[in-house]
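Input: a single structure, listed below in structure tokens.
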Amino acid sequence: MEQYRGTTILSIRRGNQVVIGGDGQVSLGNTIMKGNARKVRRLYKNQVIAGFAGGTADAFTLFERFEAKLESHGGQLVRAAVELAKDWRTDRALRRLEALLAVADKEASLIITGNGDVIQPEDDLIAIGSGGAFAQSAARALLDNTELSAREIVQKGLTIAGDICIYTNHNQTIEELEY
């Protein structure tokens with residue numbers, strides 16, 4: 001059975017802000033099933049922000065598991081991410097889940113993959129999903145050549161991705177943390 005998929009998630013850390021934003025489109029094959037999905041949310045007492053790309057049902061399962069890991073590890077983002085990645089890699093049921101998570105708190109920005117990888121990207125710039133390469137290119141140019149805030153860069157990067165990627169729309173959800 002074909003999965004619901006396609007999205008763009010972009011995260012930027014600049015100054016005393018970290019921002020994660022995502023579009024709202026859910027596609028099944030070449031059909032838009034929903035245009036206002038919420039793929040970015042706050043977790044663990046509003047201290048962590050997270051976004052997902054990939055299968056929608058899979059991502060919600062992973063959000064629940066990740067939040068449980070955050071609870072059991074006192075909100076320690078890196079430790080919770082590593083523990084989730086271990087489970088994701090070794091648990092038979094979880095291993096079939098197809099999604100990527102972008103997570104951030106006041107100290108770190110991470111990508112968690114189903115291969116068991118926990119990646120802290122260069123420059124604290126994360127771009128995942130079908131429009132990720134477009135959003136990343138736009139964000140990198142804006143980071144290097146402007147003084148825009150993290151939120152403004154996320155908004156512009158997602159807009160550019162939505163202009164180019166057929167699986168990304170302009171209905172944006174953006175969450176930010178200040179520290």
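Backbone N, Cα and C define each Cβ position, glycine as well.
According to Swiss-Prot, the features are:
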{"type": "ACT_SITE", "residues": "T7", "note": "active site"}
{"type": "BINDING", "residues": "G162, C165, T168", "note": "Na(+) binding site"}
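Sequence features, as recorded in Swiss-Prot, placed on the structure.
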residue	record	Cβ contacts under 8 Å, 6 or more apart
T7	active site	G22, D23, Q25, V26, A37, K39, F52, A53, G54, G129, S130, G131, Y167, T168
G162	Na(+) binding site	T8, D23, G131, T168, N169, H170
C165	Na(+) binding site	G6, T8, S130, G131, F134
